[in-house]
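Over in Swiss-Prot, the protein carries these features:
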DISULFID  C138-C175  disulfide bond
DISULFID  C180-C190  disulfide bond
DISULFID  C212-C222  disulfide bond
DISULFID  C230-C239  disulfide bond
DISULFID  C244-C254  disulfide bond
DISULFID  C248-C260  disulfide bond
DISULFID  C262-C271  disulfide bond
DISULFID  C276-C286  disulfide bond
DISULFID  C280-C292  disulfide bond
DISULFID  C308-C318  disulfide bond
DISULFID  C312-C324  disulfide bond
DISULFID  C326-C335  disulfide bond
DOMAIN    36-175  domain 'WIF'
DOMAIN    176-205  domain 'EGF-like 1'
DOMAIN    208-240  domain 'EGF-like 2'
DOMAIN    243-272  domain 'EGF-like 3'
DOMAIN    272-304  domain 'EGF-like 4'
DOMAIN    305-336  domain 'EGF-like 5'
CARBOHYD  N86  N-linked glycosylation site
CARBOHYD  N243  N-linked glycosylation site
REGION    343-378  region 'Disordered'
Amino acid sequence: MAFRTPAVQLHLKACVLLLLGGLLEAAYQERGTMYMWIDANQARILIGFEEDILIVSEGKMAPFTHDFRKAQQRMPAIPVNIHHVNFTWQATDQAEYFYEFQTLRSLDKDIMDDPTVNVPLLGSVPHKASVVQVGFPCRGDQDGVAAFEVTILVMDAGGNIILRTPHNAIFFKTCQRAKCPGGCRNGGYCNERQVCECQDGFYGVHCEKALCSPRCLNGGLCMSPGVCICPPGYFGSSCERANCSTTCLNGGTCFHPGKCICAVSFEGVRCELSKCRQPCRNGGKCTGRNKCKCSKGYHGDLCSKAVCEPSCGAHGTCVEPNRCQCREGWHGRHCNKRFRGGVSNSQRVSPSKHKSPSVAAAKEAPETSQPSETNYVV
């Protein structure tokens, strides 16, 4: 490291203080306390020796800021290797201060973008010591010195102006052309840190990768933001649809070229085969291999058996949901009543609102015909 004389160090310290202190102009503060300073670590980076530098103490500015206009003429440009300046501020006790960054503007946008800060542009000075970082984002496109403006206003709780940057305060930053190995693609540019800064929708070391949202599926390649190139057999904005040469049947869905996802009760290349070799009866649905889900009122492997609740007992057979067919000599809703005196079933059947065809046929049969051996009784 090159040797610095005390005179040179003093000059550097003065320049840094002018740069940071020039952001603010002193004003009288009747009550409350505010501090602003550069910590020792930041001072070492800026001026080469380690000590805290006070900018504002108890609401009063350092004396060198009072004649900022003259000092500004002697202020050097910020060096290439300094990308930002940090200062710390704090409002102690119950004091309330409010700030506003009114101007953050680069006058040479082809060399440097607008200055940045890491805090909201409008807010209150925190009661806990907090770091404010002012950044100087060189574009890295060319060598040169960029001029920029920073205007900040600080007020107390009563709206009185406490601190204010002089209007049209101009600062300077030295920038140089950056070189990123491999270059930056898709409109990205190389910043002064030799890192590619990508346009929206691109990422990667060289901005070579596009960002698709949602992402490209089934091996699709994102070529530009929101544009997928699909592999053979797929299509759609995200390559989410397969192109099947044959149509999937019975509600099947094509998920891969030539392949179908079948509904639960079907199988086969095109979902053309039912999983139940014998069809489910009485409205039942096939839910798996030879497995039926029966509709209400039926049960059995093929849903061929009706359910009667209560049952038809020992003298009847359930032939339809809640409908019993009684054996000869028995009648009643559940076939639990015996005929007396040898009277035939056809002579003792009570009318029903829900007659089966066999009941109607038995009633309309000629008197000479033989009585039916069975009967639906409701």
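Keep in mind that glycine also has a Cβ here, set from the backbone N, Cα and C atoms.
Structure coloured by features recorded in Swiss-Prot.
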| residue | record | contacts (Cβ under 8 Å, 6+ apart) |
| --- | --- | --- |
| C175 | disulfide bond | V80, I111, M112, C138, R139, G140, Q142, D143, G144, V145, A146, E192 |
| C180 | disulfide bond | C190, Q194, V195, C196, H206 |
| N243 | N-linked glycosylation site | G233, Y234, F235, C254, P257 |
| C244 | disulfide bond | C254, P257, G258, K259, C260 |
| C271 | disulfide bond | C248, L249, N250, G251, G252, C260, C262, A263 |
| C276 | disulfide bond | S265, C286, R289, N290, K291, C292 |
| C308 | disulfide bond | C318, P321, N322, R323, C324, H334 |
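Packing against the domain 'EGF-like 2' (208-240) from elsewhere in the chain are residues 185-186, 200-202, 256-257: each is 6 or more residues past its ends and has a CB under 8 Å from a CB in it. All protein chains shown were included, and the count of other CB atoms within 10 Å of the CB of C280 (disulfide bond) stands at 24. Under the DSSP three-state reduction, C286 (disulfide bond) is assigned to strand. Here the Cβ of C190 (disulfide bond) has 22 other Cβ atoms within 10 Å, regardless of which shown protein chain they belong to. Rounded to a whole value, the Cα-Cα separation of C280 (disulfide bond) and C222 (disulfide bond) is 48 Å. In terms of DSSP helix, strand and coil, the domain 'EGF-like 5' (305-336) has 3 helix, 13 strand, 16 coil. Secondary structure at C222 (disulfide bond), as computed by DSSP, is strand.
The DSSP breakdown of the domain 'WIF' (36-175) into helical (H, G, I), extended (E, B) and coil residues amounts to 18 helix, 65 strand, 57 coil. Within 10 Å of C312 (disulfide bond), as judged by C-alpha distances, the recorded positions found are C326, C335; the full candidate list was N86, C212, C222, C230, C326, C335. Cα to Cα, C230 (disulfide bond) and C326 (disulfide bond) are separated by 69 Å.
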